[in-house]
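Novice: Shown below is the structure under consideration.
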């Protein structure tokens with residue numbers, strides 16, 4: 001029933017298997033590629049374009065379902081939603097690798113779907129997906145003249161060793177994360193992040209990838225020959241020679257004027273690139289006037305003529321479209337700290353390309369939780385790239401970020417990420433947003449420069465300034481020119497888009513896309529060296545504006561402070577059902593994170609809020625101490641007094657004689673359950689805490705003035721007044737350890753003897769307040785009230801992971 005073709009090879013330390021003829025047999029081409037424990041089903045389907053176009057309508061979609069890692073999707077619907085950024089980036093890698101290899105002028109619609117069936121989290125899925133797409137194209141009958149293969153490359157600098165398709169563990173130690181793709185004769189696409197590697201080390205990685213892909217290319221050819229392609233689609237390029245000749249004779253002057261003076265844009269919007277404007281004008285007029293050519297033929301002819309005109313001008317006159325030399329950078333203007341309430345901002349303008357980059361700092365609670373097929377993780381550095389239509393003078397509705405925006409944002413992220421401080425040194429979550437306000441090429445590299453400037457303006461301690469530059473290529477036969485800092489027309493009409501970002505010490509990100517069938521290593525080497533010169537020039541311009549990160553962050557940046565509490569007190573801080581910690585957050589406006597080891601992180605916009613929250617937490621975790629005043633709440637009424645809950649769950653007794661400085665008939669006459677009170681600790685006997693209300697001002701929480709013992713011949717020793725207050729407190733006067741009578745009210749009453757614990761004096765019948773009570777406290781400050789109210793805690797327990805509130 002199944003006509004199965006299967007080929008395999010030992011590649012690296014794993015077995016690579018390509019198989020077809022069993023699954024998805026209705027597709028033009030379908031293969032299953034296994035590499036280690038990673039498996040991808042790649043399918044290809046083609047059909048004639050519904051409308052005339054002058055480009056290749058190729059769509060590549062990489063899909064990663066949860067079953068590939070043995071999981072059920074979360075959420076209510078329990079199925080996958082829109083593609084993740086990781087899936088989108090892999091789709092772009094495959095697209096950018098195979099697109100240049102199709103014949104010029106081939107405009108059939110092609111859809112390639114790469115479905116991740118299994119993932120062992122060791123073998124990279126992007127490698128398997130590209131090999132699968134190339135193998136499926138090889139047996140589909142679609143014109144695809146040469147196979148392509150790709151590999152992920154790592155590098156251990158200490159060992160000077162490159163790694164083929166590194167595992168996650170190896171990648172964590174690697175100073176390079178590169179994806180390479182190419183044919184037997186040339187390099188087609190490169191994407192990488194690096195820890196300031198040299199140009200020689202990066203070129204070595206590309207060479208290593210090229211050498212190791214050779215056996216995979218042989219395997220694809222062997223597999224295609226064994227499987228036997230379906231009927232090959234005969235592709236005959238359009239004969240557009242006459243159309244090109246007509247365009248040249250009728251409109252060459254307009255194009256020459258447009259490209260000889262880049263600032264002069266005839267018959268077009270002042271913001272539209274000249275070539276694109278002329279194309280629109282010529283296409284419309286020529287189709288109407290001639291009547292013998294289709295719109296697709298005219299568009300292709302115009303593009304062919306335009307390319308030949310510009311390329312000949314560059315190679316013959318050694319001058320570019322805008323008159324610059326090959327290695328000349330456009331004029332650069334830089335401004336920082338221009339958005340008042342942002343945490344940091346920068347405006348980077350290079351020629352007609354401009355990026356407004358703004359930063360915002362947040363707490364660890366603002367980290368992005370990424371739930372992907374690579375595993376769950378938290379991301380503390382976010383970089384978002386936005387490209388509105390007004391940046392190129394077009395009237396179009398704003399839409400959510402597409403593949404291009406996601407890809408450009410990720411490239412800038414790769415460039416900045418290696419120079420960021422560690423979380424231990426700078427615990428903030430960092431978000432950078434790049435708003436492209438003008439674009440004429442290299443907007444992603446303007447984002448890199450603007451992001452570096454904005455982060456330094458924010459106060460993020462970067463290791464070094466980071467700059468990026470886009471290189472271009474014009475190649476005709478053996479003649480070629482490498483162009484620095486390309487503009488939009490040079491990107492559109494050129495053969496290469498080679499973006500390099502890094503510091504003075506090395507490369508942090510590299511991306512190379514080709515529009516021809518690859519280039520040799522000599523051109524790559526020259527491009528890297530020329531890019532280094534341009535990068536250093538741009539960093540010099542940036543350093544003149546801001547060379548180092550600012551000291552500290554702005555006042556309106558969220559504040560973060562930590563404190564350590566006893567692990568056994570965690571449950572007290574959290575409270576029953578989170579009652580206590582929730583009350584602290586609501587009252588002060590802070591966010592609190594509690595770790596299992598007793599570390600408490602407090603986040604707030606203002607320092608005052610942080611201090612207030614710290615005071616409330618200290619109030620909960622502190623142990624009762626004789627002479628200290630605390631806030632509490634009445635939890636129980638008894639005939640002989642009232643029980644008060646304080647310090648997040650501790651209970652103490654206020655004897656009826658310690659409620660007021662006057663006689664009361666019943667406790668319930670003056671107190672009720674849930675009343676908020678201020679109490680003074682006057683005695684501790686093991687776990688029994690004795691409290692007093694009458695000695696504390698119930699409004700301010702301060703000790704009452706003139707509160708002391710005095711001797712009375714008639715009634716014996718009595719409580720009288722003693723001086724006190726913010727300046728400090730003295731010991732209460734000592735007396736015989738017998739019954740005492742207290743003055744005040746309508747007469748004296750017997751007072752029960754109490755133990756003052758270690759704070760008692762003499763015979764132990766008197767209470768003492770330590771001299772330091774009432775003086776400024778290094779934790780609580782002078783404000784004894786703290787505005788805390790009751791703090792109940794009777795459960796919650798420690799947590800295995802940090803708890804966020």
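Even glycines carry a Cβ here, placed using N, Cα and C.
Here Swiss-Prot flags 491, 497 as Mg(2+) binding site, drawing on sequence analysis. The domain 'KH' annotation in Swiss-Prot covers 558-617, and the record cites sequence analysis as its basis. Residues or ranges marked as domain 'S1 motif' in Swiss-Prot (evidence: sequence analysis): 627-694. Here Swiss-Prot flags 702-805 as region 'Disordered'.
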Novice: Should residue 491 (Mg(2+) binding site) be counted as helix, strand, or coil on the basis of DSSP?
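Specialist: SS state of residue 491 (Mg(2+) binding site) = helix.
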Novice: What does DSSP call residue 497 (Mg(2+) binding site) in the simple three-state scheme?
Specialist: strand
Novice: Quick one: among the binding-site residues 491, 497, which has the most Cβ atoms sitting within 10 Å of its own Cβ?
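Specialist: By the 10 Å Cβ neighbour count, 497 comes out on top.
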Novice: Helix, strand, coil residue numbers for the domain 'S1 motif' (627-694) per DSSP?
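Specialist: For the domain 'S1 motif' (627-694), the helix, strand and coil counts are 7 helix, 37 strand, 24 coil.
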Novice: Please compute the mean pLDDT of the model over the domain 'S1 motif' (627-694).
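Specialist: Reported value for the domain 'S1 motif' (627-694) is a mean pLDDT of 89.
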Novice: Let's see if you can do this one: DSSP helix, strand and coil counts over the domain 'KH' (558-617), in that order.
Specialist: 32 helix, 16 strand, 12 coil
